[in-house]
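Student: The structure is given below, and queries will be raised subsequently.
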Amino acid sequence: MLKEEVLRLKREKNAVILAHNYQLPEVKDVADFIGDSLNLSMEAARTKADIIVFAGVYFMAETAAILNPDKKVLIPDPGAGCSLASSVSAADVLEWRRRHPNGVVVAYINTYAEVKAVSDYVCTSANCLKIIEAIPSDRPVLFLPDKYLGLYIKAKTGREIDIWDGECHVHAKITSPKITAKIKLYRDAEVLIHPECGCGTACLLELPKMGLSPKFLSTEGMVKYVKQSPARRFIIATEVGIIDRLEREAPGKEYIPAAEDAICEYMKLITLDKVHRSLKEEIYRVVVPEDIAKKARLAIERMFEFA
């Protein structure tokens, strides 16, 4: 079977497979680590493997390559892009900096290496609030590229933030009316929302008026939360692939997607067959030019200080 062959190749080649929470179940089945962007970046930084197969989208594999310049980082499908990462370029950031010379650029991890290289900090949804709150109040904050995450940060911290106009096309379709409709159907459910969602700010303001206390969490935060919560039913507002992970980690509970169509087609490009071929033939290596990697590494390492 293909699964057993992948496991055999991992042992022979001293390889590790890192799989994002949104990956297909068949890919998670052969992964050594499953997690969100922050956790997988940390695993990539400390792995002793010679080969890293990154089952995720391209910017994630780039981050692993930046942190492991001497290791072979493979992505099973180099076409696994990201609409959010593609919404901003290094040239855009440099022009933004020119207009705000005293600004501190905070780049969400969903950006390509060239953008990280011209940013001061990289953040994830798990540590963005800590990073923003650590920036001196007299320095303007330039946050990119996700406008919904930026608005959430602005609402939570009270900081004036200049926000880039980008979005994740998957999370953008998770709207406040969709959340409200699910709440009416499942009144006993806890509501867990990824801060990239299009509903974020509205839910932050409106749901408490309905007597609800929505939890805004990274995908890894969702996993931790459902494991310790006494609740038996949850409305999950993020890409639907996380539900498989939740069922693995906290079985016996009910997980209702806020939007059944919240599916990242880029994540789903990675299949078990492609993982097998990439590992067997050691193809689709991700290499970041050293001049870009060196600068991007600084911003990524600052992110780890707030992990």
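Just so you know, the numbers here start at 1 and follow the chain as drawn.
Each Cβ is built from the backbone N, Cα and C atoms, and glycine gets one as well.
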Student: Among Ser37, Ser87, Ser89, Ser176, which residue does Swiss-Prot name as a further iminosuccinate binder in the site formed by His20, Tyr108, Ile109, Asn110, Ser125, His194, Pro195, Glu196, Thr219?
Tutor: Ser37
Student: For the [4Fe-4S] cluster site (Cys82, Cys168, Cys264), what does the 8 A shell look like? I mean other same-chain residues with CB within 8 A of the CB centroid.
Tutor: Val57, Ser83, Leu84, Ala85, Asn110, His169, Val170, His171, Glu239, Tyr266, Met267
Student: When you measure from the Cβ of Glu196 (iminosuccinate binding site), how many other Cβ atoms are you left with inside 10 Å?
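Tutor: There are 26 such Cβ atoms around Glu196 (iminosuccinate binding site).
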Student: When the Cα-Cα distance from Cys168 ([4Fe-4S] cluster binding site) is computed for each of the binding-site residues His20, Tyr108, Asn110, which gives the smallest value?
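Tutor: Closest candidate to Cys168 ([4Fe-4S] cluster binding site), judged by Cα separation, is Asn110.
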Student: Within 10 Å of Cys82 ([4Fe-4S] cluster binding site) by C-alpha distance: pick out those among the binding-site residues His20, Tyr108, Asn110, His194, Glu196, and say none if nothing qualifies.
Tutor: Asn110
Student: Taking the Cα atoms as reference points, how far is Cys264 ([4Fe-4S] cluster binding site) from His20 (iminosuccinate binding site) in Å?
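Tutor: Approximately 12 Å lies between the Cα of Cys264 ([4Fe-4S] cluster binding site) and that of His20 (iminosuccinate binding site).
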